[in-house]
């Protein structure tokens, strides 16, 4: 099958018989050993391969001989790993990982926090911003897309949920792969998938293909959240981690603001598009979908210039590559601080023992697809083993408690985020219906209608020899009326119906008054000619700007919560931040009983979003810190996938009660927040913990 199972040990170097060879020991020696000779120091960028060919660019670690001799005295005769019990190897690996965790913390502190971390902060921030944009895109384009692609109510609901379904799968799959293939590589794959299918979705015309593109686009962007936080945390020291991961969360807010602003400025401009014949239409909402892909593309390009996480490289035994990256971080920060003369003093970093790695030994074995099949199945098996590892005795309780907290938080938050705009639309519709104009028994003859009729009901009317030319019907109903010898030309309509009407000797030319708009009507000698084909965006909604404004204010309202959580994360701790934020959010839910108008709902939405964001930030931080490096992205992906599943449930449950009752959504959200907040208080505090 082209693979063999080996117990590969990433050994360091020991001094023996006048030469350097592999040793199983080594500690972070930064600043502790005496100065070596100038010749020895100059060899730091040279190494040798198996054929003893000297080449430039690779670090060759040389521990101090005195330390090596002392270690050799304590160690008995060497035993080949293939004859050792797997449990012994795993125990040794865990001991190595614990030593590496403390050594790595000291190294990151020596590298400092400066230009490198801030550059990575903005690059990863763009990726997180793309995730925030993706959540809002479908909601903003749905009113236009439903008319452009003739969507039924069930199709609209599926389109609204399909992105969350893709994100759920992507979080688990790509998060797991990031622990095996690397943070940078998997983040590039994730962003590339999202950018490609988001771009493609703006051009496709059919509903099925558009749905597929948004599903795969969501799958791609779903992997960004677990990878971004795992990636960035591994360049931060313990004292900076909580604060700067919280600052990074602000880019999700910026993504929401960006999407709202672009929707407000682009979608209402129906003329921002083009048509190719009668079948292909590129309307303004498609331009908006294209613009929303820009943060993802920008992050994808910038990520090409960033290195892999050195913590991940050390975990898989790539010592020299990790050392070179850490030296790059150190030198970049020192130059930015005006201290380019400061030397990176680390000569050796502990690497955990490598256990049961699969290595391809012959590229000529089998056919190409057989080799790829073995490679893919092996990788997926390793990902699955990581998933199961998160449920072992050591992590089971933390994983289950975190799962409940993530689920309750997501159910309440995403459910209410959808419920707020739906309630605002409901209040708008009620106000609109209250202004309806009713005309009874009107008689109109030899008159030309060339203006818009809106929000009207005409009952028992008679229309003879009238012309309806180049006009619009919006929310108009004709009931028990007579149309005789009338002429309709170039008429567009929205929510317009004829009920129990009699229509005699009337011509409909180039209109969208289709058969289903005539309910129980008698059509006598009536002609329909050149009906408008397909679905059309009939009108610019006067209240669209209010929906965009609501989303904009909801995103902006989390700014105070982001600032407070960033400043207090390392002072009061993650657990108190999660519990306090969720309990305050639950109290805010009860005030929704007093939200009986549009302005009141907008105000309570802003208050709820601002109170809940601190819990989200603390959840991101504690999830990163509770799991070891080789399981970190996997665990985050599992929990984030569960979060998206809760979002699907929340959207479905809460939206079904719009216009029926407010009691069920409010009680469900507040109860979930209280339960999750109290359970969060039982989680272990991690602010003083080094990254394992």
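From the backbone N, Cα and C atoms, a Cβ is placed for every residue, glycine too.
If you check TrEMBL, you get these features:
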- 1-10: compositional bias 'Polar residues' (COMPBIAS)
- 120-687: domain 'Major facilitator superfamily (MFS) profile' (DOMAIN)
- 1-82: region 'Disordered' (REGION)
- 120-145: transmembrane segment (TRANSMEM)
- 157-178: transmembrane segment (TRANSMEM)
- 185-203: transmembrane segment (TRANSMEM)
- 209-233: transmembrane segment (TRANSMEM)
- 245-267: transmembrane segment (TRANSMEM)
- 287-306: transmembrane segment (TRANSMEM)
- 400-420: transmembrane segment (TRANSMEM)
- 545-568: transmembrane segment (TRANSMEM)
- 575-595: transmembrane segment (TRANSMEM)
- 601-622: transmembrane segment (TRANSMEM)
- 634-657: transmembrane segment (TRANSMEM)
- 663-683: transmembrane segment (TRANSMEM)
Chain residues in Cβ proximity to the transmembrane segment (157-178) (below 8 Å; excluding those fewer than six residues from its ends, i.e. six or more beyond): 134-135, 137-139, 142, 145, 151, 186-187, 189-190, 207, 210-211, 214-223, 225-227, 230-231, 379, 383-384, 386-387, 414, 633-634, 636-638, 640-645, 647-648, 651-652
Proximity verdict for the transmembrane segment (634-657) and the transmembrane segment (545-568), three or more C-beta pairs under 8 Å: no
Non-local residues, at least 6 beyond the ends, that sit with Cβ under 8 Å of the transmembrane segment (545-568): 132, 136, 139-140, 243-244, 246-247, 249-250, 253, 255-257, 259-261, 263-264, 268, 417, 420-421, 424-425, 428, 577, 581, 598, 602, 605-607, 609-614, 617-618
Spatial neighbours of the transmembrane segment (400-420) far in sequence, C-beta under 8 Å, 6+ residues away: 139, 164, 550, 554, 578, 582, 585, 589, 601-602, 604-605, 608-609, 612, 615-616, 619, 622-623, 626, 638-640, 642-647, 649-651, 653-655, 657-658, 665, 668-670, 672-673, 675-676, 679-680, 682-683
Residues of the parent chain within Cβ reach of the transmembrane segment (120-145), under 8 Å, 6 or more residues beyond its termini: 151, 156, 159-160, 162-163, 167, 187, 191, 194, 198, 210, 214, 217-218, 221, 224-225, 228, 231-232, 235, 244, 247-256, 258-260, 263, 267, 283-285, 288-289, 292-293, 295-296, 298-299, 302-303, 306, 418, 421, 537, 541, 544, 548, 551, 555
Range from 185-203, 209-233, 601-622, 663-683 with the greatest count of C-beta pairs under 8 A to the transmembrane segment (287-306): 185-203
Same-chain residue ranges lying at least 6 outside the transmembrane segment (185-203) that approach it to Cβ under 8 Å: 127, 130, 134, 137, 170, 174, 177-178, 210, 213-214, 216-224, 227-228, 231, 282, 286-287, 289-290, 292-293, 296-297, 299-300, 303-304, 308, 633
Region pair the transmembrane segment (575-595) / the transmembrane segment (209-233), three or more CB pairs under 8 Å: no
Positions whose Cβ lies under 8 angstroms from the transmembrane segment (663-683), at least six residues beyond its ends: 398, 401-402, 404-405, 407-409, 411-412, 415-416, 419, 574-576, 578-583, 585-587, 589-590, 592-593, 615, 622, 626, 653-654, 657
Predicted model, mean pLDDT over the domain 'Major facilitator superfamily (MFS) profile' (120-687): 83
